[in-house]
Amino acid sequence: MTPPVTAPYCRFEKLGASDLDGDETLLGVIEHRTGHTGVSLAEGCPRTAVHTTTREDESFAEAWHAEGPKESGSHDGVAWARTPDYLFGVARVPEGGRYAAGTAAVYTGIFDLIGTLGYPSLARTWNYVSGINTPNADGLEVYRDFCVGRAEALDARGIDPATMPAATGIGAHGGGITCYFIAARAGDRVNMENPAVLTAHRYPQRYGPRPPVFSRATWLSPPGADDGRLFVSATAGIVGHETVHHGDVAAQCEVSLENIARVIGAENLGRHGLRRGYALADVDHLKVYVRHREDISTVRRICAERLSREATVAVLHTDIARTDLLVEIEGVVA
């Protein structure tokens, strides 16, 4: 009997963990640390390091796994590994004065790769953007510059922004822009919105020449399976399209968690055709991004109170897409 297919899953490991050596389920490794590296394909596994924290004792490796025979390669700067059912890839936009063209090239490369290899369901993306709140060479904020490039890639390939999955767009302390993703060959992929927050690609132009494009969460399950993964986008203290509780990290953290709870709850999942529901206690492998180091203890306390004691939580000290946001939270529900 053929074993059932399971959706990709994540583990947080210590840097250099020996138990990753020879792991045939390993699809990709992203190291979060106090420096960055280039994208590589080591022993059939895409790897890179992103500069997402300022203390080495907060560093860790984000390891993505999937069952099944694996092969790997590279295509137009994207290092990738795949099983018969899932594809993981990593690419980098080099550091520079402008990012739109480089971002457009990376994303068109990703879209072409998933089409060529036959994994059309893009299920999750991450984008770590160096100097995210700083001006580019033309005076445009780097995050907005990035959003222009991503939107241009969608335009070039005729992709509806509403089909884009859960995503993270967060700061890094150097290294250009690192993009990585998960895509599926088949199965169910359901993108979800938050009824209390405006759909990202409908944000008004005050947030930039082109809006961000992502869903608030994405459900991914193998063909014919009842179980799967719910990928929760990096989620902030936003209601409608407005940042709330300016300068109050505790209140913003609470709203972030409330937004996650609303997205993953039974009422919202039912609205998107899924007969299931989750609570904050079901969210695991969370990454919590905090702008100011002095706020980390407050954020840790609130997360400890609201999340499961069994949850794996990594806190990273880095900038956030809007200058008035102090914290963002992402996670996975399995």
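Cβ atoms here come from the backbone N, Cα and C positions, even for glycine.
Neighbours of E328 (active site, proton acceptor), defined as other CB atoms within 10 A of its CB across all chains, total 28. Sequence annotations record features per position, and here Swiss-Prot assigns active site, proton acceptor to E328.
Cβ contacts within 10 Å of R216 (substrate binding site), excluding its own Cβ and spanning all protein chains shown: 25. The DSSP secondary structure for R216 (substrate binding site) is coil. According to Swiss-Prot, the feature substrate binding site maps to Y143, R150, Y203, R216.
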Those binding-site residues listed as Y143, Y203, and which of them has the most Cβ atoms within 10 Å of its own Cβ: Y143
Residue pair Y203 (substrate binding site), E328 (active site, proton acceptor) - Cα distance, angstrom, rounded: 18
Euclidean distance between Cα atoms of E328 (active site, proton acceptor) and Y143 (substrate binding site), Å: 15
Y203 (substrate binding site) - helix vs strand vs coil (DSSP): coil
